[in-house]
Amino acid sequence: LAQFFLLFASSLAISLVFAIIPLCHNVVVLAVVMAVAGLAMGCIDTISNMQLVKIYQKDSAIFLQALHFFVGFGALLSPLIADPFLSDTNCILSNSTANASSNLPHIRKSLLPHHPGNLSHYDLPMKGMVVTRVSYAFWIMALINLPVPIAVFFLLYKERMVPCLPSSSHPLLSADELAMETRRVEKEEPPSAGQRAQAAPGHDDFFSCCQSKNFRGAPYTYFAVHITGALVLFMTDGIVGEYSGFIYSYAVEEPLSVVHKVAGYLPSLFWGFITLGRLISIPVSYRMKPATMVFINVVGVLVTFLLLLIFSHSVVFLFVGTASLGLFLSSTFPSMLAYTEDILQYRGCATTVLVTGAGIGEMVLQLLVGSIIHDQGSYSFLVCGMIFGGLAFTFYSFLLFFHRMYPKPSADLDDASPDKPSAVDATGQYQR
């Protein structure tokens with residue numbers, strides 16, 4: 001119940017934040033609003049992944065791929081919505097607006113990393129009438145998001161979870177019926193209540209995976225799987241953040257010196273192929289194991305960065321490499337999530353740890369790469385990507401090693417979960 005209400009509150013907060021952002025005339029207020037947006041998005045990310053793993057368990061890989069396809073689709077669509085409202089000229093009208101507008105390309109060039117950045121001789125008026133339509137982009141995004149909290153509230157109402165509005169209708173689908181639906185292809189009976197308690201003790205409440213009693217007697221491989229899985233996503237999601245954030249800056253710098261307008265297509269190309277890759281991964285995940293998909297992804301990322309370094313003077317291969325990198329990074333997160341939860345028998349803790357590791361990586365690696373590019377030059381952008389790809393492959397190798405050492409299931413537990421540990425009792429605690 002707490003998770004569903006938190007999902008409703010977070011999705012509603014996104015619409016409110018986007019509506020408020022254009023009204024913020026103080027940078028401190030804007031920072032607070034953006035922090036609220038970050039918290040809401042983190043809650044949505046964690047809860048949506050956790051619920052899909054909880055509901056579909058061994059079938060969750062397909063649904064996770066579908067979920068993350070829409071994540072990429074949104075990242076691709078939102079800039080297209082904002083683009084018509086962005087101005088190519090200065091947004092402040094004054095007597096020197098014409099000169100300022102012609103100076104904007106030079107100012108953008110000066111603000112790029114590893115550039116002298118002497119702006120003193122450029123005329124950019126800061127006082128006058130503000131003429132910008134960018135507020136409409138935020139309000140449109142707020143309206144587009146509004147059906148999401150409405151849909152979540154409708155589900156709460158149908159499931160009789162709204163105390164002030166009792167529903168006379170039946171719930172949409174009971175837990176037993178849902179279990180039968182997800183296992184109908186395999187012709188299996190739904191597990192009993194005792195088996196469900198053994199299979200997913202980590203889902204009993206939102207913070208159960210943080211309780212020390214659930215770690216009592218756990219083998220070291222239990223913690224190793226969590227840590228190595230999070231480190232893989234720390235690197236791969238960090239690559240997504242730093243590549244989409246700095247590929248434009250890398251392209252317009254020497255030796256490539258790509259035209260600004262052409263370089264602007266690179267982030268869109270990158271997110272476009274991430275979205276395409278996630279769409280392709282939905283049917284592929286039905287036939288291929290998550291472990292195999294993650295292996296292909298991390299090897300593909302490593303090889304792509306190596307080729308980008310070799311052909312670093314080729315503008316054509318920069319576009320080809322960007323598209324290839326987007327394809328290989330596209331399904332890493334959902335595949336790793338499905339693989340790790342399968343090892344740990346869908347206890348729920350892995351989802352929280354992996355989402356947190358991915359978020360930290362996306363934040364930290366952007367800061368790290370930005371400072372390195374500023375000090376060492378644009379070529380270090382590809383070198384950093386190569387190093388991060390190598391570390392992701394190394395951590396994944398460790399994950400495979402710890403998976404082999406993880407306790408095997410006993411015969412009396414659900415045969416549908418081949419990796420279920422034999423040392424877990426009905427309360428979710430490990431027994432020595």
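Using N, Cα and C of the backbone, Cβ positions are placed for all residues, glycine too.
Automatic, uncurated: that is what TrEMBL annotation is.
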Stretch carrying transmembrane segment according to TrEMBL (options 29-51, 190-212, 351-373): 351-373
Recorded stretch, among 60-81, 222-250, 262-280, 292-311, 351-373, maximising Cβ pairs under 8 Å relative to the transmembrane segment (317-339): 262-280
Listed stretch, out of 222-250, 262-280, 292-311, 379-402, that has the most CB pairs under 8 angstroms to the transmembrane segment (60-81): 262-280
Best-contacting stretch, by C-beta pairs under 8 Å, relative to the transmembrane segment (351-373) and drawn from 136-157, 222-250, 262-280, 379-402: 222-250
Beyond the flanks of the transmembrane segment (262-280) by 6 or more, those residues with Cβ under 8 Å of it: 65, 68-69, 71-73, 75-76, 79, 240, 243-244, 247-248, 251-252, 318-319, 322-331, 334
